[in-house]
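Below is one structure, written out as structure tokens; comments come after it.
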Amino acid sequence: MESSGPSPTSLNNFRVVYLITQMVGAAIVILMGSWIGVHLGGLSWTSNPATQFNWHPLLMSIGMIFLYGNSILVYRGFRYARKKPLKVTHAAIHGLAFVFTVVALVAAFDSHNLAKVPIPNMYTLHSWVGMAAVVLFGLQYLFGFVSYLFPGVRESMRSTYMPVHVFFGVLGFVLAVAASLLGLLEKAIFAMPDYRYLPPQGVLVNMIGLLLVVYGGLVVFLVTDPMYKRKALPEDAMLLTHSPSSQ
């Protein structure tokens with residue numbers, strides 16, 4: 001599928017950008033944790049619905065942003081690994097991200113439903129875009145698992161579906177970043193009556209938002225630039241020739 005690889009110079013550039021991407025992604029999770037711990041009252045579960053909600057932005061940042069981004073980059077980040085272990089790793093990271101996402105959604109719905117004055121669910125643009133991203137993510141995981149890890153699927157069908165899988169994988173990630181930005185702004189407005197005066201908490205929130213944009217842009221750049229495509233290994237061709245169902 002990926003017959004040509006990058007030049008040594010472009011590969012060095014890829015490594016630098018890939019490292020920066022990882023640092024930005026880690027910074028998002030760290031700063032999100034700092035915002036929650038310092039300004040939003042920390043974490044709890046159903047005993048305190050207000051702080052139970054804080055699991056939602058934290059776990060979504062880990063699952064639908066950091067892990068999702070790394071999942072779609074795994075083939076290019078570990079280009080010298082064999083194809084089959086990369087498929088398993090790709091699916092495993094997706095699965096872990098899905099677990100984080102489910103817990104994050106439970107926290108959000110619980111915090112609304114268990115509040116002293118229940119808060120309506122699914123009425124904001126953030127919730128609509130976010131749910132669209134989650135549904136697309138789940139469908140991608142299901143169809144990708146069936147197409148590439150389920151035995152017996154013909155290689156021609158896998159090859160035909162691959163561009164669709166890649167496109168909707170990137171689209172889902174972009175939707176996740178957009179939903180995160182909308183949710184970040186929504187929470188900031190609710191949590192900071194003085195947001196217009198840009199208090200330290202507001203600066204922190206804005207920095208997280210900018211890093212989300214940078215991380216999203218870097219991931220999309222790395223995964224769509226043809227110069228950085230993974231070069232097929234001889235083992236890949238041998239597996240394709242002798243055991244189509246294993247690919």
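For all residues, glycine too, the Cβ spot is worked out from N, Cα and C.
The domain 'Cytochrome b561' annotation in TrEMBL covers 20-224.
The annotation transmembrane segment is assigned in TrEMBL to 16-38 (among others).
Among the features that TrEMBL reports, transmembrane segment is placed at 58-78 (among others). Long-range contacts of the transmembrane segment (58-78) within the same chain: residues 2, 14, 18, 21-22, 25-26, 28-29, 32-33, 36, 43, 86, 89-90, 93-94, 96-101, 103-104, 107, 130, 133-134, 137, 169-170, 172-173, 176-177, 179-180, 183, 212, 215-216, 219, 222-223, 228-230, each at least 6 residues beyond the stretch ends and with a Cβ under 8 Å from a Cβ of the stretch.
Taken from TrEMBL, the feature transmembrane segment applies to 90-109 (among others).
TrEMBL lists 129-150 (among others) with the feature transmembrane segment.
Nonlocal intrachain contacts for the transmembrane segment (162-183), taken as residues 6+ away from its ends with a CB within less than 8 angstroms of a stretch CB, comprise 1, 57, 60-61, 64-65, 68-69, 72, 124-126, 129-130, 132-133, 136-137, 139-140, 143-144, 147, 209, 212-213, 215-216, 219-220, 223-224. Annotation comment: TrEMBL describes 162-183 (among others) as transmembrane segment.
Below 8 angstroms of C-beta separation, residues 14, 17-18, 20-21, 24-25, 27-28, 31-32, 34-35, 39, 65-66, 69, 72-73, 76, 166, 170, 173-174, 177, 180-181, 184-185, 187-188, 192 of the same chain, each at least six residues beyond the ends of the transmembrane segment (203-223), sit close to that stretch. What TrEMBL lists as transmembrane segment is 203-223 (among others).
Within its own chain, the transmembrane segment (129-150) has Cβ neighbours under 8 Å at 60, 64, 68, 87-88, 90-91, 94-95, 97-98, 101, 105, 122, 157-158, 161, 165, 168-169, 171-172, 175-176, 178-180, 182-183, 247, counting only residues six or more beyond its boundaries. Nonlocal intrachain contacts for the transmembrane segment (90-109), taken as residues 6+ away from its ends with a CB within less than 8 angstroms of a stretch CB, comprise 45, 52-60, 62-64, 67-68, 70-72, 74-75, 121, 134, 137-138, 140-141, 144-145, 148-149.
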